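Look at Swiss-Prot and you will find 671, 673, 686 tagged as Zn(2+) binding site. Here Swiss-Prot flags 434-481 as disulfide bond. What Swiss-Prot records for 775-921 is domain 'Macro', and it gives sequence analysis as the kind of evidence. Summarising the annotation, Swiss-Prot assigns domain '(+)RNA virus helicase ATP-binding' to 934-1082. The region 'Y-domain' annotation in Swiss-Prot covers 241-439, and the record cites experimental evidence as its basis. Residues or ranges marked as region 'Protease' in Swiss-Prot (evidence: similarity to another entry): 442-509.
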């Protein structure tokens, strides 16, 4: 037996699963988001109605009509996306402000429910005017809306949208109204339930309840809380039945979208409507069963015989179908009514097995059940009778046929053969049955209803109406009637413009003559200031325009206005005609609506009217929120300053380009004459007249949004192909306002002789210009260097000269794409019109250039050669061609081979269009090489630089070279200096090497390569394999030229080294410098010694070296080796030297860097010069830096000398950076916390903590008494009385202090460092032994260059250089200065925020020299301590948060021991300092360095900006080892003073510490240490504790402290600029990221530790979500400063 079907195929299974997953992901990505809260039944209804669309439920709002509104929103999106700029009928008031594409809205005066809708309409924006006119009965304020209704308005528009607003109009009325508007298309959303076709009654379906009384129908959907739809029955019936309107205003009605019984109808004006039958309800889930007995009626003398009064019942289609199948197949003896009733009762119960619904069921009333049983029984009885009769009559017929003789059979056989339409079988006889008989059935199935009725428009003549009624009467009788009246062809709108929102002019020829406004007018910018504000222009442009005045010469001729604007030394021309295209800075298009008879202009949201008056030209500007009049006096204005005009034009250009980059849709492209002209802001037909070739339109006003995607093919070498002449523009444009000069002919070469196998030039198909303009939906996937492009989309959107059809061998209409070609261009398949054949391909020019290409049929045979030939045969043409993937449809050619064949056989500029499946394949297999796009602006600027360069002696080789717009593929190998990039190139890989200098050229030639400098290489790079060494330093115009001319290009270089220098200072080099992305990075250098690597590691973080030289940099020694200088003057002064720029790429054994004073600006502006100079040697480099230029950029001997002086060694250590990762959203409980109101959150926080709004901004506490030291005061203690803050709330939850106040600085100095120090002279051995529990004996510590690098890296990250690091000279005050400044950070507190009496916080920063001296040692000691820490002990923040949280979670049975040090810094004394020095001795630090540290700490001077304090012993918060020694002292105190049982976790950071244990007690020696040092310890022992911004909950983990973080936000000043707010918002986002998986746990735990309600924490998280989303509200407050300072008592020690 065969068993292959039982063999499991893992590959196929995996592919199927991946395809299913991809389909599911695609469905979810394009799902409909359902925002309202819904019941379970409503969700099931929506899922059934919206099939097959995927739904995503995100409940966040309550709607009165949730089901209808979801459907409405979906259909609205479809209508608005298709209609573009349009006229809207009956818009909902709340949608006005959200849809700026609507040019006009037609309303009716409000009545009934409409009044309530207008009261809830927005009171701002365009809706405000509409609301005011609707509620007050006022006329419309502008042309954007009216209250005349759709049928009473005549605003011209080509496209319309009606969303559920045409139920009270018939199709004929709509056709007439569309004709009045000149409308050709109307998208109408209508609710058309099938029950309106039935008699009056009450119909309940699974979705809605419908009540039908004969005239009106009321529909209420499941879950509606207010009245539903209420419409006229006759209109709904006509909308369901009608597919076309005939008469003087013909229409075609097409159903383009349907969701349930909600339809989108596309009404299109068509001269000859054709029959378009349609099935409106193919997915109906109900069948309507008729009851024999109708409802009770009114009393009457005689019983009624009207059959239309009977009642119908909605029955699920599956119930009726199953019931009929069961009854029709029952045995004759088993068929009875009771059996039908039993079966119906069984299938009416809903049965669910697990998650599978086995039987959907039906919840029906008794009346409906009775009607269904009756109808089903009678229908089945009738069918059974027919079955019996048919079998009986058929048997008798068979008996007669079998008894026929030979002659009769022969006679029948001959006549059957002669018949053309042969259908087997025979009808025996006609069964008498009519539609209204009982035998016709009792049910109506909407799934099989077909309608194709026409409605005549009401404007037909009486004769036409009479004949129409006669025809309809004859049809009602069942007779065919040929109407002799043809539909009258009426106007269907302006056909001259293919613009969806074109507003034609309704001009009455009988109106008065047009007023003439010709003349010269003075237009000052000050008169148009309100308009500038409405245009939302920047303040700079408004200010510059206000200082300018223009002279405008207006000429009006034949409904057209020409303006000549004189602005300074510039002249602009504009031409105003109706329908002119206005330039925009985005994809959206605007056309000018100009009515000369009405003296009006309009486009987009702006309109104006003008009139000649005695004072001059009076213009009224109208827009949203703007109604401004301006009068321009006749005459000539004084000439504005050329400098002001140029600055205005440049600023305006920058604004246009910035708006172009940021806008998705775009707005007007503002020209100077458009803002300083009488008809602002319009400037159609803009021309800037300028005789200077370096200014004007070509350089300043260059837009990237063009009318067409013109493909320009780059110049190709003459290879025997047919030359391509210049092709006229293929974009259909409106008639220009002014005659345009003829285009210059393209200097293309003469056609050469055709290649073998190609047709002669005379036989080549020559393409005429093609006009094409349509909406683009294609998507660019890739662009090749030759200009060819790959698109995803429809082939017919292309603007190429030729279209390629996937044809068959006979070139007859077929299926697939060939059928689409036949539908659009049927004449192209006429073989008589073929102008040329090439192999199997046929060329035709009728009705447009088309190539019928024939691919092989892979169903029969795989033939790659024929596939190549199919593409090759389409290249015998002039112009570009748009291709499909030949053969991938019906012929089943794989996508890959067909695509490869096109790549090898196409011409430059061709286009390939892929369907979605092939597009996905291409995106998964697209070329991986990076590409450089050369835009028109870059090409133009590069060519200008080449022209300037070719005029010099060096650049003569570049004469005639051009850079063309396009895309270039390249390979870029980047690497650190000396990484061997050049050595990796072999002669077999390259034809030409381009290098920037002669030295490099000679070096390459010595290796056997053909190397050239950039200018001379222009003769040899065409079509060659090119390697460009030191590519970033090449002049960018030459780099672009060689990259574009080369067949393949491989770039070598270092992006961090010297870029190309603009020696001419023309500004062209930085304008076209390309942004090159390295394809590979090499990080290992074979040249640079170790110390050089450490100095440049800031630019190369991953640099490594193979050099064994450890120290190579020396200062102050005699010059050796090659001299390197920075300027040409220094080169002249030092014979034999080369500049750093010339030495780039070279390698020397020894070098001497000579920095002269004239190189200061160069080195400060380009640190790359210093990097190049430092990386040229392999053994030794002597630096002669008399002016100290290299020191200013962080390269000095002070850092290195101090490092080695302190005992540093060259070597490698473990880096101090701790790897951290972002937690995955594996639970993502944060998603359950939506953004909430910040006001309510902060008010609730204030209530829970007992804080109230503070009447002051800060508090200056009383200054403590100075107990030790000497304080120097300024003569004046000036203070500001108030503070301006930009805050989230006026309730602050932090201790309030004033860091910028001078008195606050004094209070902090004295309070922290002026307190008397309690000295304690004792041995450190006991404390060190106790500390060994956490930090064992450290031993000798090695300080390496790794710590030196980390020090330099930290300085660079802070924006510092090495200039502040000095030689270690203690006589120099700058070496030992300690700077004090007030800290702008206040502590969060749950207690008193004002009357706390505590001084502020400050930082005492040591000098950069001391930081560089001690910093590497302290980093090395810290690394040693981290390596010795026991398990469960955490130091500082040198650990991953997840590891700490896991350790806390593991300590389930522990309590939290917390210690709060008070006055931690000020209580440190000689004993703590001695312990630090003892540990330094233990680590092997030099004794002189330890004694220096002890000296600095024991007696010091803190230097504030205007104050200073001389003091003793205190700990400094800004010294290099602050965190290290504070943490060590904290550990020593805790472990010496307390004993812990079952210690699980201990964490120390500065003065903050926690220990997780089961019990603790104070150790015997604790009292001596606490009393001797004057320590102030506050211990707390509780189940949950706080530590370093997190909540420590044993068994649960370390959770973010939401309350503390939110409280600290209240103290932050979010101003004055947006940068500060952005920083804080990023901090909030980072904090929320920590809450991703533990948000709900935080609510429970944080609320317990602070004793607040969980709702508060929940509300605070929502508030933080709102802040992170940028939805925070800020309040600017000006509050006074409370001064509580008293006199400062000084006492000299």
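Heads up, the Cβ atoms here are built off N, Cα and C, so glycines get one too.
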DSSP says what for the domain 'Macro' (775-921): how many helix, strand, coil residues?
43 helix, 37 strand, 67 coil
Once near-sequence residues are set aside, which residues in the chain of residue 673 (Zn(2+) binding site), 6 or more away, have Cβ atoms under 8 Å from its Cβ?
550, 552, 563, 565, 567, 572, 574, 683, 686
When you tally the Cβ atoms that lie within 10 Å of each candidate's Cβ, which of the binding-site residues (671, 686) has the highest tally?
671
Taking DSSP three-state, what's residue 673 (Zn(2+) binding site) in: helix, strand or coil?
helix
DSSP-assigned states of the domain '(+)RNA virus helicase ATP-binding' (934-1082) in counts, ordered helix, strand, coil:
54 helix, 28 strand, 67 coil
Would you list the other residues of this chain near Zn(2+) - those whose C-beta lies within 8 angstroms of the C-beta centroid of 671, 673, 686 - in sequence order?
565, 572, 574, 672, 674, 677, 683, 687, 688
Model confidence over the domain 'Macro' (775-921), as mean pLDDT, sits at 89
State the three-class DSSP label for residue 686 (Zn(2+) binding site), counting H, G and I as helix, E and B as strand, and everything else as coil.
coil
